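Sequence annotations record features per position, and here TrEMBL assigns region 'Disordered' to 50-80. Sequence annotations record features per position, and here TrEMBL assigns transmembrane segment to 157-174, 186-209, 215-236, 257-276, 296-319, 331-352, 358-378.
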Amino acid sequence: MLRTLCAPTSAQQVRAFARSPGQLARFGLTLRPPVQVGPVGSPEGVAWRRYPRSGPRPGAPYHERVTTTAPRTPAPAPAPSRVGRLVRWLPLPSEATLRRLAVASLVTQAGIIVTGGAVRLTDSGLGCPDWPHCTQGSLTATPEMGLHGAIEFGNRLLTFVLGAVALAMLVAVIRTFDSDRPRRDLLVPAAFLLGFIPAQAVIGGITVWTDLNPWVVMFHFLVSTVLVGVATVMVRRAQRPMGAVPERVGQPWLQRLGLLTLAATAAVIYLGAVVTGSGPHAGDPDSKRTGLDVAVVTQVHADAVLVLVGLSIGLYFTARALGSPGRSARAAAVLLVVEAAQGVVGFVQYRLELPELLVGLHMLGAALMVVAAVDGWLATRWLPSDRSVPQPAR
C-alpha cells in the first residue's frame, strides 16, 4: 500500500492524493513543493518524502518519484553562424537554385576545355604573347593582333565567367548555413572550384611564358578535367533533398570495380593528352612538341582504351548480376555509350590525319567521358537522391 502511495503514476493521481493531508500523515508522508528536475527548461515534477510515524529523524531515508506535469519546452532556434552572417542579406537559396548553379558550374568547366582546345587548334595559343597583359603595352587585344589575339583574349575573359558562376555557387551554399539545414556536403567542392579558377589562370600564364611547353599545356588540360570531375560530384550532391542523408549501396566488390574503372579513365585521359602533346596541333607553329613517337603513344593510348572498355563492360554486368539497387547498371551503360562514341571519333580523326573539327569534338568527348566515369563511380557508392533518408531539421 505504501509503495503504491509513494509512486503515483500521473499528475491527476498526485493532485487527488494531495487533497487529503490526513491520509499523508496516516502513512507518515509529507508533501514537498514541486521541484525542478534536470536542466533549465525541463518539465517540473512532484517529489514525495517518507518519514517514520514518530517524525523525521536525522539520516532518515526518502524516496522520490518524478511525474511529468508539463510538456518539454521546444529547443531554441539555432543562432546564425558566423559564416552565414556574411551573406544573410541574400535570400535563402532553394533546392532548385542550388541544382541550377551546380549544373552551370559543370557546363562552364567542361566548356572551357572546348574553348581552350579551339585556341590551340586555331594556332592562337600565343595570340596574346604576354600574361597577365595581352601584350607589353596593352591589357587587352589590339586590332593589330588580328584574329588570333581576339581568340586568345576571348578565352581569357571566359575565366571571369567561370569565376562568377563558382562564386555564386559558393555564396549560395554559405547562405544555407543560416538555415536549419546547411548544405555542408556542397561547401568543399564549391570552394575547391572557386579556389582553382585563379590557379588555372596562373597555369595558363605559365604556358604563355614557356612558349606553350607541351608538358605545361598538358598539365593545364589535366587540371581542367579534375575540375570537371569535382563539378560532377557537386551536381550529384545538389540533387539530394536538403537535409537528406545518402545511403551506401553496400556492395564492396562493385565499389572497387567502379573505382578501378575511374582510375582507368584517368589513365586514358592522361595518355590522350600525351598523344595531343606529341601531335601536330601545338597552339603555335613555332612551339615545340614532346619529341615522343606519335605512333607509339597512340598505340599505348588505344590499348588503355580497350582496358577501360573491358572494365566498363564488367562493371555493367556485375551491377546487373548482383542486382545492385540504384542506378549502377544504368550509369555503367551511359559510360559505355560515351566511350564508344569517343572511340569512333578518335579512330576517324587518326585515319583522317587529325582534322581540327574532329580533334575539337574529341576534346569535348574527353570532358563527357570524365563526367560519365565520375558519375558511374558515384553510382556504385551511393543510392540515388530519391532513395536518401530524410534528416529532421535541427
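Using the three backbone atoms N, Cα and C, a Cβ is placed for every residue, glycine included.
Just so you know, TrEMBL annotations are computer predictions that nobody has curated.
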Self-check item: the transmembrane segment (257-276) vs the transmembrane segment (358-378): 3 or more CB pairs under 8 Å
Solution: yes
Quiz item: Is the transmembrane segment (358-378) close to the transmembrane segment (215-236), in the sense of at least 3 CB pairs under 8 angstroms with a sequence gap of 6 or more?
Solution: yes
Exercise. Can you tell me which of 157-174, 186-209, 296-319, 331-352 gets the most C-beta pairs within less than 8 Å of the transmembrane segment (358-378)?
Key: 331-352
Quiz item: Taking residues 6+ outside the transmembrane segment (157-174), which of them lie with a CB under 8 Å of any CB in it?
Solution: 83-84, 86-87, 90, 93, 97-98, 101-102, 104-105, 108-109, 111-112, 115, 183, 186-187, 190-191, 193-194, 197-198, 200-201, 234
